Amino acid sequence: MDLPPEISVFILSLTAPFILYTINHVSFLQDPQVMLAIGITVLTTILLLANLSVKNKKSTDPLFYATKSVRCDQSTCDLSSSKVSPASICPAASANACSNPKARRLFHLGMRKLWSEDHMIEIHLHLDNLFAVFSFTSVVSITNALQHDGFIKGFMDFYISKGEPYLSTAHGLMMSYWDGVVHYGLLLFMVHRITAGKPFRSLALVWAGSMIASEIVLVTGIVVGKYGKNFLPAFWRNGPSLVLAIWAAAKLFNRPRELSIISADKVEVEQKKSLLYRPTDLLLALGLIGSIIFTAFRGFVVLECSLDFCFTYIFQYEPYMKDSVGFPKVTMLVLLFYVLPLLAACVYGLYDPGCTWMLDWTLVLAGAVAQIQWTYLGASVHSRTPFTYRIPKDEWKQIVTLNLLYMAVPVLLAVRCYMDQAFFMKNVPQEQTSNGKKKN
């Protein structure tokens, strides 16, 4: 009996604790080079098994098909539900022969969908395999977090001591919790939606933004922090993780957007409203501006700004930035050099209509900031962080609230853009709209 791909991925990922337990208790496997070789072998095996589980399953993603077809008789078009094909769209066999603008647009849509169907199936198979591999590593992450917080034992001792010791830090544990819960849930849900032929691109962009941010902070923090003095072989597995996450993001950006069906009239009405007459967008824009100021300020603080207020802030409010592990400093620099420009671009996107890129990049930004803030804030209050670097008790409520608000702004922006897309759509030129209405 063939198991559904999502069940196969789930079962394969649950082999991680057994493999970790075996490595931890079999002496001849307890060598850094052997452990790296085992890791490569296991992940390759997971990739091949995931590929076999979906090799003969054709995707039913609705993006392969349009929802309407057209019968064109030079003057009228009858829209009915069926798969798109050039013959069903226009018997004239030429898009230019269709007099109705809707017919011409659907003709090109159908041709593009039919031409790219095999390519999109190939992308799905690649992403299925990739999600299977990352699901396995997510279970490794949650196993690491649970052991170091005392819930289980006997799984990660050797791997941490001779593989990736930085995963036992507060940053490593909070990152592991996020990877083992949020990433794992997203991965399984996306595999399910791929199998069911449902759209998954938006969720995947959130995952990609979160994964890329996590790996950038981790790898850079290892290099510049105290763990950069002695690289163990297992460190190099983080390179492929970062590259694969970026590759997945590039593939996702090449997929068609999941756009709502919105009339041209509604788009026109929404885009005529100024920012002052859109209260939700105005509040989000103000929140983004506040986030930009806060990001710049903390960037200057971590770069050892000589102003008295910066000195006071790092010692009395967020001393975790001084931790020698390197992760908090890198976190602030990633926010300063990567997140801040995106925040500024989003302010512009809320002001200027027709910025369709907002529908994608707000999802990536939300995933990245949520992951970064969860890890940073959690590590700054975790018991594994030295007491002198934790948020002071007197300032705990204010700092935690401020960081949660900072995390909430891009998340709320992404939800707003996804739920109401009219303002960000490319507007239909007035002459095309009027021509269409006359001929209909």
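Yeah, the Cβs are placed from backbone N, Cα and C, and that goes for glycine too.
Note that the structure is a prediction, hence the values are computed from the model and not measured.
According to TrEMBL, the features are:
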type	residues	note
TRANSMEM	7-28	transmembrane segment
TRANSMEM	34-54	transmembrane segment
DOMAIN	126-249	domain 'EXPERA'
TRANSMEM	129-146	transmembrane segment
TRANSMEM	166-191	transmembrane segment
TRANSMEM	203-223	transmembrane segment
DOMAIN	280-414	domain 'EXPERA'
TRANSMEM	282-303	transmembrane segment
TRANSMEM	330-351	transmembrane segment
TRANSMEM	358-379	transmembrane segment
TRANSMEM	399-419	transmembrane segment
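Of the ranges 166-191, 203-223, 282-303, 330-351, the one with the most Cβ pairs under 8 Å to the transmembrane segment (129-146) is 166-191. A contact between the transmembrane segment (166-191) and the transmembrane segment (34-54) is absent, since fewer than 3 of their C-beta pairs, 6 or more residues apart, lie under 8 Å. Between the transmembrane segment (399-419) and the stretches 7-28, 34-54, 203-223, 282-303, 330-351, the greatest number of Cβ pairs separated by less than 8 Å involves 282-303. Each residue in the domain 'EXPERA' (126-249) gets a DSSP state, and the totals come to 105 helix, 0 strand, 19 coil. On the 0 to 100 pLDDT scale, the domain 'EXPERA' (280-414) averages 95 in this prediction.
Residues of the same chain lying 6 or more positions beyond the ends of the transmembrane segment (34-54) and with a Cβ under 8 Å from any Cβ of it are 2-3, 5, 8-9, 12, 19, 23, 28, 124-125, 128-129, 132-133, 136-137, 158-159, 162-163, 195, 233-234, 236-237. Counting same-chain residues at least six beyond the ends of the transmembrane segment (358-379), those with a Cβ under 8 angstroms from any Cβ of the stretch are 169-171, 173-175, 177-178, 182, 202, 205-214, 217, 249, 253, 257, 259, 320, 327-328, 331, 334-335, 338-339, 342-343, 345-346, 349-350, 385, 400, 403-404, 406-407, 410-411, 413-414, 417-418, 421, 424. With a cut-off of 8 Å between Cβ atoms, the residues of this chain six or more beyond the transmembrane segment (282-303) that come close are 275-276, 310, 313-314, 318, 321, 328-329, 332-333, 335-337, 339-340, 343-344, 346-347, 350-351, 402, 405-406, 409-410, 412-413, 416.
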